[in-house]
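Feature list (source: TrEMBL):
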type	residues	note
TRANSMEM	B:6-25	transmembrane segment
DOMAIN	B:70-123	domain 'NADH:ubiquinone oxidoreductase chain 4 N-terminal'
TRANSMEM	B:85-105	transmembrane segment
TRANSMEM	B:112-130	transmembrane segment
DOMAIN	B:132-429	domain 'NADH:quinone oxidoreductase/Mrp antiporter transmembrane'
TRANSMEM	B:136-156	transmembrane segment
TRANSMEM	B:168-186	transmembrane segment
TRANSMEM	B:242-264	transmembrane segment
TRANSMEM	B:276-295	transmembrane segment
TRANSMEM	B:302-325	transmembrane segment
TRANSMEM	B:345-363	transmembrane segment
TRANSMEM	B:384-413	transmembrane segment
TRANSMEM	B:419-440	transmembrane segment
TRANSMEM	B:465-485	transmembrane segment
């Protein structure tokens with residue numbers, strides 16, 4: 001076996017992140033301000049550079065594989081990484097003032113976030129089962145710690161416990177599935193697996209492995225019936241963590257699905273399609289129906305996440321390039337929306353008071369019409385009303401479904417979308433139609449305010465001019 | 001003077017951007033909000049008149065076309081244009097919005113800037129609906145209408161506004177997402193989202209029926225047709241005056257417009273096969289809803305039900321054409337039904353707007369809409385009474401008003417479909433006269449009923465201007481409808497060729 005030097009330049013984004021994790025850790029030690037200023041700004045800068053690196057190394061070029069076939073550099077990786085780092089930057093942008101007000105501000109928080117981001121980057125470029133798994137665990141372990149970041153919070157500890165146990169279980173499932181796939185194909189490399197599957201070797205064993213892997217992926221996504229952890233974890237974690245947890249890792253989960261099932265087991269599409277349909281319809285039903293009865297805004301967003309995951313799976317079901325592009329667009333736009341949603345909670349909260357009930361939004365329009373407008377945009381975007389990016393996300397998925405002849409599924413999806421409209425409207429009812437008990441004008445630090453305004457603006461901007469993002473998502477799949 | 005201008009884009013985006021401007025400018029100062037909103041609305045109206053003047057009468061095809069790529073991956077264009085069917089509706093929209101802005105002047109005190117901005121944005125979106133020639137662009141505007149209307153009813157509405165606004169939203173949203181699936185399907189067949197490319201698709205009848213039903217879900221809710229009409233009375237009763245005006249004058253018309261632009265030309269065979277359904281529902285709307293209107297005790301509810309009955313008449317006209325052709329083979333008769341339906345739509349836009357403004361005038365003074373609280377209003381408000389009686393007469397279809405022209409044309413045409421169609425359709429005149437006159441008798445005439453009525457002030461110059469301008473339009477088109485019919489006839493004729501190509 002002759003040793004081939006890997007092309008380190010192709011992995012520049014990961015190398016950069018890995019180095020910067022150490023730099024942030026050390027720099028924070030020398031920061032005596034107790035405000036985490038250095039760690040915060042260093043992290044944001046790191047993420048911005050990572051975006052630049054991802055684009056310049058991966059985008060547009062040919063698909064290249066290095067590190068003995070374990071690392072892939074293609075346009076898809078670029079889009080995934082830009083979305084991941086961008087969402088991480090936005091959600092961390094909300095976090096600093098939130099953490100400071102609650103005396104949680106420590107440099108480790110940002111270091112953990114960076115490690116999680118590194119894990120997601122690794123997943124986006126993984127071309128081997130092992131690398132995929134390493135990336136996933138890098139992400140998961142950081143997230144467990146972040147969920148438990150408020151050590152004194154009982155509900156936070158419970159959420160972290162739940163997340164850890166179920167996360168470990170799902171990792172186990174995934175690993176078990178991967179080992180079967182390895183057994184069936186004799187290789188850990190996704191390209192080899194695809195070749196073997198195409199040749200029809202050991203398809204039964206491979207299908208078993210695929211089943212377990214899909215269950216693991218569904219756990220990570222939070223698709224019904226593997227969704228139980230989502231509401232508790234979303235509610236229990238500090239809101240700044242929920243915002244991070246709810247947005248970027250969804251992109252990473254999509255990466256997991258695309259790399260493993262689409263790239264590797266595309267041949268088994270007929271088998272996993274049925275399971276994906278069940279997951280999608282189940283998630284739409286569970287998410288939308290349970291969200292209807294929530295009075296806690298964080299829990300409502302959690303159940304709405306499940307329903308959006310259902311919609312995302314609908315894009316994957318078709319198993320076509322168009323469908324994957326639609327799912328990618330969906331994941332990115334959903335990440336933007338949900339980050340904004342949790343950002344709003346952070347804005348409305350203050351020390352000792354979490355504005356996490358829907359009733360806490362009452363009379364927001366009287367207290368600050370700008371925030372109310374952002375809320376309006378976010379909720380209509382999640383409903384899928386045109387003029388916001390959420391419409392195009394839904395439309396692309398429906399388009400992919402209809403193109404592949406599954407019109408009935410499209411009809412089911414839109415019916416659930418209408419049911420979903422009801423609870424988003426309930427939030428807007430509180431914001432616009434109810435009167436505040438005490439119409440004190442709201443005050444919030446400038447940082448989160450700017451981020452939330454940009455976040456709402458992005459929802460509207462992409463809602464009016466979705467073309468560029470659609471083209472990018474399609475180009476990632478060579479369309 | 002407007003040649004070469006992107007007139008339609010201006011008509012769409014000027015009010016939307018202007019509305020945002022009003023929102024920012026008028027946040028602190030209500031007067032500034034009012035004047036800037038008036039300036040925007042007036043400017044848009046002038047542009048709409050320019051559109052009318054520049055419109056070439058006698059041409060069937062689209063005019064003022066603008067086309068630029070928008071979402072290239074799917075061949076979606078920003079594609080605008082108007083023909084004789086949509087142009088009058090655009091002008092009607094601009095006119096009604098101007099009225100709403102004037103009507104809100106002193107009346108709306110809670111967040112006037114947001115109120116006016118919502119209506120201006122609504123105006124731009126509605127003009128977008130009428131001028132979009134790309135199906136997705138149409139859908140975007142069609143759905144985006146929900147946002148301002150949701151806020152208008154929910155923020156400035158009456159006590160039961162939350163129920164009404166949720167019902168309104170969910171009904172119309174469910175209807176339109178079905179249409180979205182149909183549009184996506186049509187694109188896979190036609191290869192593009194341009195509405196005209198959908199015309200002439202040779203779809204099998206079973207597919208056509210499904211597509212037709214999807215369109216029906218969207219447009220029947222908007223019109224609204226029996227039995228999905230129940231959101232309308234709720235929405236009207238709870239909406240502020242301006243909201244009622246826009247709902248009645250424009251958004252209902254979007255349903256009728258949808259039937260002409262989508263259902264009939266894209267799925268002609270399904271339309272013919274299912275015309276019994278549409279005719280049946282329309283006749284129920286005319287007769288049953290007319291009767292329901294008669295027993296209402298709330299002024300706004302009465303007018304709302306009367307709107308449903310009148311719109312039923314419009315859908316009756318649109319789908320009677322197949323029966324007329326089968327009955328007499330007369331192409332002219334069928335065309336007359338279409339023209340009558342369109343004239344009725346435009347006329348109802350003016351008349352219902354006027355009726356709701358009249359109720360608004362009364363409500364501002366008395367803060368009640370119960371018919372029983374009024375009586376003898378004419379003694380204290382003679383000028384107002386004159387206007388109110390005139391509009392009620394127009395609503396009942398009195399000759400010399402615009403309401404008569406459309407109804408007369410449709411009934412005349414429906415004789416060629418069969419005697420009974422005409423007889424039942426004719427009931428609308430009787431029922432309309434009955435509930436309108438009875439309402440007038442109870443509200444306007446008789447002895448002064450209470451002290452509150454005794455203290456009523458007659459209409460102010462601002463209200464006189466509002467009602468006067470509507471009265472002038474209603475009378476003008478009642479006596480001389482030719483300009484309206486000349487504008488729309490060629491386009492309806494062209495539509496007819498698509499629906500029934502053999503004739």
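Heads up, the Cβ atoms here are built off N, Cα and C, so glycines get one too.
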Counting CB pairs under 8 Å, which listed stretch among B:136-156, B:168-186, B:384-413 touches the transmembrane segment (B:465-485) the most?
B:384-413
For the domain 'NADH:ubiquinone oxidoreductase chain 4 N-terminal' (B:70-123), DSSP counts of helix, strand and coil?
32 helix, 9 strand, 13 coil
Mean per-residue pLDDT computed across the domain 'NADH:ubiquinone oxidoreductase chain 4 N-terminal' (B:70-123)
87
Would you kindly check B:112-130, B:384-413, B:419-440 and say which stretch has the most C-beta pairs under 8 angstroms to the transmembrane segment (B:136-156)?
B:112-130
Using a Cβ cut-off under 8 Å, which residues of the same chain at least 6 positions beyond either end of the transmembrane segment (B:85-105) come close to it?
11, 15, 34, 37-38, 41-42, 44-45, 47-49, 51-52, 55, 63, 112, 115-116, 119-120, 122-123, 126-127, 130-131, 241-242, 245-246, 249-250, 253, 257, 260-261, 342, 345-346, 349-350, 353, 357, 360, 462-463, 465-466, 469-470, 473, 484, 487-488, 491-492, 495
Short question: most Cβ pairs under 8 Å with the transmembrane segment (B:419-440), which of B:112-130, B:168-186, B:302-325, B:345-363, B:384-413?
B:384-413
For the transmembrane segment (B:112-130) against the transmembrane segment (B:168-186), do we get 3 or more Cβ-Cβ pairs below 8 Å once near-sequence pairs (under 6 apart) are dropped?
no
Report, as numbers and ranges, every residue of the chain located at least six residues beyond the transmembrane segment (B:345-363) whose Cβ falls under 8 Å of a Cβ in that stretch; write 'none' if there are none.
88-89, 92, 96, 99, 103, 107, 236, 241, 244-245, 248-250, 252-253, 256-257, 299-300, 303, 306-307, 310-311, 314, 369, 374, 377, 384, 387-388, 391-392, 394-395, 401-403, 405-406, 443, 459, 463, 466-467, 470-471, 473-474, 477, 484
Residue list, the transmembrane segment (B:302-325) vs rest of chain: Cβ under 8 Å, 6 or more residues beyond ends.
223-226, 229, 232-233, 236-237, 244, 248, 252, 255-256, 259-260, 264, 271-272, 275, 278-279, 281-286, 289-290, 292-293, 296, 331, 333-335, 337-338, 340-341, 344-345, 348, 352, 355-356, 359, 371, 395, 406-407, 410, 413-414, 416-418, 421, 425, 428, 431-432, 435-436, 439, 496, 499-500, 503
